[in-house]
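In what follows, a structure is listed as structure tokens, so that the remarks can point back to it.
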Amino acid sequence: MDSAVSDPHNGSAEAGGPTNGTTRPPSTPEGIALAYGSLLLMALLPIFFGALRSVRCARGKNASDMPETITSRDAARFPIIASCTLLGLYLFFKIFSQEYINLLLSMYFFVLGILALSHTISPFMNKFFPANFPNRQYQLLFTQGSGENKEEIINYEFDTKDLVCLGVSSIVGVWYLLRKHWIANNLFGLAFSLNGVELLHLNNVSTGCILLGGLFIYDIFWVFGTNVMVTVAKSFEAPIKLVFPQDLLEKGLEADNFAMLGLGDIVIPGIFIALLLRFDISLKKNTHTYFYTSFAAYIFGLGLTIFIMHIFKHAQPALLYLVPACIGFPVLVALAKGEVTEMFSYEESNPKDPAAVTETREGTEATTSKGLEKKEK
């Protein structure tokens, strides 16, 4: 059996197995198929719904839900930063006690997981609150300096419903902290993935190609070139991967022979697919051709990853198959439709950039003025 492997930053689809040298009975074909099929389904959910929510996020006015825009400069530096982080974690696990490092990481992801899960379930939970629910508004404001030099550090608006969602998410957080159960791990993992796809926005397709291309090389090097990623993944106890037991049919919820998929293999292609959905909408043709094409490409790429990993019984860098599929399929469609220029010239402004906000406001005012002039005529 293969050892349980996942990449803390990008991840690799991998069949789980014993890490302590003990021997387990081989998983049944039914159990393996169930595990791989479940991983594929779980990977698709945050991409699909995260992409839809990214459209609303781009149009939203709430400062707490503003997306973080990734520029070409950020995309070029990301593989280098990810490599340094991965190598740093490797050295930490070699020098310091694994137990204490994982304790700190557990507390860190406990807090992050609760916040991410609360943000994820909030739209669904709002449907269950009665109309007469006493919903009060709150604002968390943290500033630096005084007078004219006062600067906002944190300005977060929330309400009573958000506090209820936070309470529900805290239950899952405590469950994860105490038991490290794979279901709690997956709830946090899905929340992280959906929030990543929703809130991380590429500013254009070229930036997406730079990011995916850089991480394509990063993933291949650290999986095939060294044992760093394997070592860190075995040692790293945090909800940075989705897992599903291959022996679920035999052991039920207490199963422990996992297949796994790193969250990076969901979020990185996911933010590119979400960008193509917003590009589809910008064309105003009432079709989502590029979104569905890239979504189908992701299914193909991840399915191919799982197939090759199962045949060769070795960890696979999923981006090796996902990147060519997610970029190549939409570009081929754009070539067939004669829309390559439109695709690569599509640009999204940073909503946190004052200049972009001013430009948007001026554009809105100009549109409003034209509308009023037409009405007067």
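Every residue gets a Cβ built from N, Cα and C, even glycine.
Annotated region 'Disordered' per TrEMBL: 1-27, 347-377, in sequence order. TrEMBL lists 33-55, 75-93, 100-121, 199-224, 258-277, 289-312, 318-336 with the feature transmembrane segment.
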Is the number of Cβ-Cβ pairs under 8 Å between the transmembrane segment (199-224) and the transmembrane segment (258-277) three or more, considering only pairs separated by 6 or more positions?
-> yes
Excluding the flanking five residues on each side, which residues at least 6 beyond the ends of the transmembrane segment (318-336) place their CB within less than 8 Å of a CB in that stretch?
-> 10-13, 208-209, 212-213, 215-216, 218-220, 261-262, 264-265, 268-269, 272-273, 276, 289-290, 293-294, 296-298, 300-302, 304-305, 308, 342-343
Counting only residues at least 6 beyond its ends, the same-chain positions whose CB falls under 8 A of a CB in the transmembrane segment (258-277) are 4-16, 32, 35-36, 39, 42-43, 46-47, 50-52, 54-55, 70, 182, 189, 192-193, 196-198, 200-202, 204-205, 208, 211-212, 215, 233, 240-246, 288, 290-291, 293-295, 298, 301-302, 318-319, 322-323, 326-327, 330, 348
